[in-house]
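**Q** Annotations for this protein, taken from Swiss-Prot, read as follows:
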CARBOHYD  Asn50  N-linked glycosylation site
CARBOHYD  Asn90  N-linked glycosylation site
CARBOHYD  Asn97  N-linked glycosylation site
MOD_RES   Tyr24  phosphotyrosine
SIGNAL    1-21  signal peptide
Amino acid sequence: MNNRWILHAAFLLCFSTTALSINYKQLQLQERTNIRKCQELLEQLNGKINLTYRADFKIPMEMTEKMQKSYTAFAIQEMLQNVFLVFRNNFSSTGWNETIVVRLLDELHQQTVFLKTVLEEKQEERLTWEMSSTALHLKSYYWRVQRYLKLMKYNSYAWMVVRAEIFRNFLIIRRLTRNFQN
């Protein structure tokens with residue numbers, strides 16, 4: 001019976017040190033630096049704007065509210081993964097420099113892998129996050145972005161609308177990183 005309590009205490013000790021092991025200050029710095037790089041790359045993707053192609057994809061309002069630190073990290077990871085998937089689509093009609101798009105994809109991939117590694121130890125919280133309404137709204141939002149591109153046959157005007165939307169995403173991610181402060 002005593003061994004059982006010792007085992008419970010050991011598990012609690014193990015989980016509490018795991019929970020404290022994420023350095024949120026470092027995570028904040030890393031994310032801000034990487035998002036700035038992505039914004040700079042996105043700004044280099046030029047094209048013509050046609051206001052008739054405007055769309056409101058309705059980003060979930062929860063994304064602008066304060067969340068607990070680990071949920072913020074999961075939200076950022078979800079956003080980066082989906083932005084990566086958006087830019088993997090057929091962008092050939094845009095006339096964009098393929099090298100810049102590849103660099104953007106590489107930067108997004110590196111950030112996603114970094115966050116996945118950092119958050120690996122938070123599997124229980126990940127399950128809770130994935131079932132949350134915020135996560136579901138976020139998935140639905142990116143589905144609307146993908147659907148818009150597909151309906152518009154990936155034309156250059158639609159891509160410029162999506163480019164502007166993704167730029168807003170990066171601004172939201174930068175704002176979310178403030179949650180990593182004490």
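Cβ atoms here come from the backbone N, Cα and C positions, even for glycine.
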**Q** Per DSSP, Tyr24 (phosphotyrosine) is which: helix, strand or coil?
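**A** The three-state answer is helix.
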**Q** Around Asn50 (N-linked glycosylation site), how many other CB atoms lie within 10 A of its CB?
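**A** Taking all protein chains shown, Asn50 (N-linked glycosylation site) has 13 Cβ neighbours within 10 Å.
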**Q** Express the distance between the Cα positions of Asn90 (N-linked glycosylation site) and Asn97 (N-linked glycosylation site) as a whole number of Å.
**A** 13
**Q** With Cβ-Cβ distance below 8 Å and at least 6 positions apart along the chain, what are the contacts of Tyr24 (phosphotyrosine)? List them in sequence order.
**A** Lys69, Phe180, Gln181
